[in-house]
Amino acid sequence: MNDRNVNKTTEEKIHSESVIDVQQLNDISDQTDYILPPKTIVVDNILPISIVTCSNLEDYPESYRLNSKKEELILTFVENFRRQYHHIYRDRKTLFLNPFNECGIPKFVCTTIRPTILPYSDLTEWNLTANFIADHLNYDLLNPPYELPKTLCSPTKILTDQHGNCFDYANLLCSLLIGAGYDAYIVSGYSTREICYTDTTRLPNPYIRKQQEESAEQLKSQCKKYGVKLAKTLTSEYDAYMHQRHLNTIQEEKIKIQEEENQRIAEIERPISDPLYGIRIHAWILIRPGGRHEISEAFYVEPTTGYRKTTDDSDYLGIESVWNHENLWVNMQDCSNGCKSLRFDLNDQARWECMFIHSNENEKEIIHKRFSKTLSNQIDWFDKMKFYFTNPLHLPVSNINATSYYKNYSDKIKSEVYKKYYHSSVPDITIKTTIHKDISLPLSWVMPLDITLKNFQKRYPKSHKIYYYKKTCVEKYAPYSKKDGIVLKISEFDDYNLKEFIYVTYYYEHRYDKLEIREHDIKMNIIKEKYRPGRNDHLKGIVTRIEKNYSVIDCREYIYDFGPSYDRIMIYYHKSRLDSLSKRHETNHELTDYFIDHDNFLAYQKVIYEIQLKKSTQRSIISITEKFNRNPSLNSNDDIEELIYAIKDNKFIITYYRDIDYITPSIRTYIKPSNWNDKASIFKWNDNLHEIYQANEDLKQMSKRDLYYEIINLIKQEEEVIKRVRTAENEIRDLQSRRQQEELSSDLEVSIYDIDRNEKSKIYKELLQQKTDDDKNRKNMNELDYLYPYLAAIGNPERINAQIAEQIRYNIELDFKNQSIYRANQIQSCYENEIKELLTKQQWYQNNPISKNDEFECEQAKFRLQILQDRLKQHEEFTRENYRQLEKNLNEDIRLKEPYIVR
């Protein structure tokens, strides 16, 4: 506040006086007398003392344990920036610039980001990457929540330990997002208690169940394009008005009751007041447009949950700074109303103060930065000069621009001020001090990030993680971590204490029975199961309504029991079945099959049973109804629409399709004779066995002969239909029995390429490798075995006795001695021959004049003698060493010991 008052007073003075006289210049000089001239000051230990202790420091790479010269220079520059910032903004929080790493070494936050792209397709999109990080790590709260952490561990350590605070989450997520091509930044700011504590108990369930629209589809299928118009209803307009008024009143009452209920729920869900509201520190991710083409606007990503948030979200209360692997920006915008009015144009230095200026920006942006209102424009020019000359580091001031009103001073005053300290010409500080040499950041000190396939598939810490939402509990499991193959369990409750279950959903993977989803509606007593393609019975799903109230734990008992108290719907992949069966609905007294694209145009088949007091293997059938789709190749009067086998009444009722020219369809009824099931006799035809209603009387009537054969065919068809019904009943029983066995077995499907989990493939590979190694060892043993020729001489027996073993040992030692003596004799013989030859030449040289060639030959002979002496000596040493080794091998060879098994 004092700085702003000084600015205002100085500006008023400048605008009121355009010329400053000598007396004013003296006054100015008096004001700056106490400013000391610049000195070169060497400052040691400008960084804070490390508070981190590392027991295994030698296990870390050198970049973790030490700072390079370039990193030390950057840290010095960062420290200078920090001191300037806090000198100007003493009321603002400390910037998060150079925390300690896991080795206790201060590191600049920008160099802690390691852009990495991992070889997993699930980590190439921001939402999948954020969800993986949220699942892969355990969250640690900041302690205290209103102070910045002292440390920022490397992403490699966070991946190893699988836990960290919000800054660790954001640092790891930002590294992966930048590697995936996003323009991502880490944001350091303030958020609500719910965000800092990852409290999602007031958020709606993200796994919302899809509402079934079967009723709408049925209504749509029932609506016909052409039909008989309904008669116009004659009603009074007054009665209609009063009825509508009554309905509106009822609707208003319902809306009022609903609003009151919503207010009551909102009052229950309202969080208690937070005494630390507005000062809780948090870190999250900002993604700006520019990296990936699909990003059109900036948004936040909460790393602890993986949720996308808008930039005006009320849960985020303010921003101090943002950074990526290239630069750091300080927020200069007002956050009194949260982040709603913030603009994320980081090139606008009126809103964002950057730490490093890069020359790759165009000239217009540089000119804009020269005269823009930056953090140093907030202080008086003379205070700035005082700060510069008392700068303990004596470094170039980072992004410090002179105030705009400095240009109003005369050149004389500026010259006097600068000559007092510089004794040189006046520099234009409005331009020259704002353009620095590019300071490129060093490469990240973090080692390349790596997530093994095993850890990636494991996903969660200890393969399990639990999330709580509004009246919902979500449990996530890693694949293959549970015997039943469950990967996700969503439990919905009727109360906020999560005690009364209303709906439970299970998701499975890698099951042999292809079970994918199981849903248990506890209130409606309905359980649904969905299967992936690949089952032998081509089952797609099962929907069962039960009368007994099962608990969540015992919900599996319902569907694997066969009894009259169940209502089941079995859905099939009709294209994979030969009979084109798509759905089978079984109740206590009915069994209905639905077909799609059946060869005989069969649409459905409905069986009605008698009510039985006792359980039996087969239920008595009352009737069987078959309905067919329209066969366009037949005349409507010959195309059967519905065929009823009235088994109990001994009738066949056939309904044909209605002709377009008639209102009613034709109906034909056959009555079975009394002796129809007597195989020994043949019934005779009479007119009482047939009844007909012919819509078109002009059609030719069927002869008695045709009617007789028609009823015989119907009797045979009835027998076949009953067999198909019994086959369907047996198929249902087999399905229940098979599902019981599948639930009891805990084996999961494992790919043949997954050797770590595929035990059969792993054992088979180990056996093949063992066999290969044995063959190789046997081959090498046959090639290098010193006993092989001695055993071959006696016929390669499987076992020998002690006498033979001793004889073999004696023969081996004897052969070794003979070979060594033979070799030594050869060397000795060569040596003696060389001596004789040398003596002969010397005697000849004494009798004849000696030439230079003769002298050379004598020297060569002496050289060969010396080599032979050395070789003989070396042979003696090697012979003694080899003999000791041979004795050791003979003593340790198990084939020459009890029980003397040689192969």
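Cβ atoms here come from the backbone N, Cα and C positions, even for glycine.
TrEMBL labels come from automatic prediction, so no person has curated them.
Taken from TrEMBL, the feature coiled coil applies to 209-270 (among others). On the 0 to 100 pLDDT scale, the coiled coil (209-270) averages 74 in the predicted structure.
The coiled coil annotation in TrEMBL covers 711-745 (among others). Within the chain carrying the coiled coil (711-745), a Cβ under 8 angstroms from the stretch's Cβ atoms is held by residues 511-513, 515, 537, 539, 556, 559-562, 568, 570, 584, 586, 591, 593, 605, 607, 618-619, 621, 624, 626, 645, 647, 652, 670, 672, 676, 685, 689-690, all 6 or more beyond its ends.
Per TrEMBL, domain 'Transglutaminase-like' is recorded for 130-193.
Annotated domain 'CEP76/DRC7 peptidase-like' per TrEMBL: 282-355, in sequence order. In terms of DSSP secondary structure, the domain 'CEP76/DRC7 peptidase-like' (282-355) contains 0 helix, 29 strand, 45 coil.
Annotation source TrEMBL lists domain 'Dynein regulatory complex subunit 7 MORN' at 461-751.
Residues or ranges marked as domain 'Dynein regulatory complex subunit 7 C-terminal' by TrEMBL: 799-898.
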Would you mind splitting the domain 'Dynein regulatory complex subunit 7 C-terminal' (799-898) into helix, strand and coil residue counts from DSSP?
-> 90 helix, 1 strand, 9 coil
Report the DSSP secondary-structure composition of the domain 'Transglutaminase-like' (130-193) as helix, strand and coil residue counts.
-> 29 helix, 14 strand, 21 coil
